[in-house]
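Novice: Pulled from Swiss-Prot, these are the listed features:
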ACT_SITE  C247  active site, nucleophile
ACT_SITE  H296  active site, proton acceptor
ACT_SITE  H308  active site
COMPBIAS  72-87  compositional bias 'Low complexity'
COMPBIAS  132-153  compositional bias 'Low complexity'
DOMAIN    26-69  domain 'LysM 1'
DOMAIN    86-129  domain 'LysM 2'
DOMAIN    149-192  domain 'LysM 3'
DOMAIN    217-334  domain 'NlpC/P60'
REGION    70-89  region 'Disordered'
REGION    131-153  region 'Disordered'
REGION    195-215  region 'Disordered'
SIGNAL    1-25  signal peptide
Amino acid sequence: MKKQIITATTAVVLGSTLFAGAASAQSIKVKKGDTLWDLSRKYDTTISKIKSENHLRSDIIYVGQTLSINGKSTSSKSSSSSSSSSTYKVKSGDSLWKISKKYGMTINELKKLNGLKSDLLRVGQVLKLKGSTSSSSSSSSKVSSSSTSTYKVKSGDSLSKIASKYGTTVSKLKSLNGLKSDVIYVNQVLKVKGTSTSSSKPASSSSSSSSKTSSTSLNVSKLVSDAKALVGTPYKWGGTTTSGFDCSGFIWYVLNKQTSVGRTSTAGYWSSMKSIASPSVGDFVFFTTYKSGPSHMGIYIGNNSFIHAGSDGVQISSLNNSYWKPRYLGAKRF
């Protein structure tokens, strides 16, 4: 009798162990901010499997949508180990969104903690993950710096921060340094007082207008040809290489063929570029897709068409397309 009890108990323990280890199908309701990538990480599965199980043709999901997922929740796997860090060094491919997810924070918390005015990051930049905010400089340093005529950009700086420090405005700083966007780089030397350099270009520049239609800082012909050369490259969430791109990774890759910009999100590009009424070749067009606000972007190539990394890979689409037309937010210039 004793032997039978032990055997039965063992069977129950083994059975419950096997049952606990098995991945089970479950229904989840999509919450605000969710993406297929988030869910695939959380439930230890893949985007392809989720799309296949739910007959999805794209990566777009909606708040309140019910999805069937085969997998196990991994939400508490790494939160405790990552939360002990107080700083983080930005790596290639990082974004505020990725870092905030990794350390259980919000993008706004990260930006406030590091005095960031936009979502742009630079490789090698050190971000604070805990501690007091670095929103403004002390009044004493503001007074002592007023006699300085140049300033070398440090990690975490922004035009807004520098303008506040030297008692000037972002517009004046940009004019003084001939800047066409709010993007600045570590070790860049900026004039904080003096004469404007914005009008130093020769007046007759019509011979080069065909290659610089929308921006004086980018060769538009090269931008478009570099982008078109990538048509057919597959879609990959967070991808920044020719093995696969997401929409902002594609833009980052093409821009870095000519200049040096940090990896950021579509929202980051939206907030750092200059608004224009209508796009010219080489400008950037923005859309709202799986969440409110800018969440997808592409490069305008003329004839009401744009090139972008969509769910089917890098492709050329029309702004009149029945999907894109109602989701169009506007155009920006680098």
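Even glycines carry a Cβ here, placed using N, Cα and C.
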Novice: What Cα-Cα separation, expressed in whole Å, is found between C247 (active site, nucleophile) and the residue listed as 'active site'?
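Specialist: It is 6 Å, counting Cα to Cα.
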Novice: Does the residue listed as 'active site' have same-chain partners at least 6 apart in sequence with Cβ under 8 Å from its own Cβ, and which are they?
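Specialist: In sequence order, C247, F250, H296, M297, G298, I299, V314, Q315, S317 meet the Cβ cut-off.
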Novice: With helix taken as DSSP H, G or I, strand as E or B and everything else coil, how many residues of the domain 'LysM 3' (149-192) land in each class?
Specialist: 15 helix, 6 strand, 23 coil
Novice: Take the domain 'NlpC/P60' (217-334) and count its residues per DSSP category (helix H/G/I, strand E/B, coil), listing them in that order.
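Specialist: Helix/strand/coil tally for the domain 'NlpC/P60' (217-334): 28 helix, 37 strand, 53 coil.
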Novice: Just give the helix, strand and coil counts over the domain 'LysM 2' (86-129), going by DSSP.
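Specialist: Taking the domain 'LysM 2' (86-129) as a whole: 15 helix, 6 strand, 23 coil.
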Novice: What is the three-state DSSP composition of the domain 'LysM 1' (26-69), stated as helix, strand and coil residue counts?
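Specialist: Counts, helix then strand then coil: 14 helix, 8 strand, 22 coil.
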Novice: Give the nonlocal contacts of the domain 'LysM 1' (26-69) in its own chain as ranges (CB under 8 Å, at least six residues past its ends).
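Specialist: Distant contacts of the domain 'LysM 1' (26-69): 75, 101, 235, 237-238, 289-291, 310-311.
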Novice: Report the mean pLDDT of the predicted model across the domain 'LysM 2' (86-129), rounded to a whole number.
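Specialist: So the average pLDDT across the domain 'LysM 2' (86-129) works out to 80.
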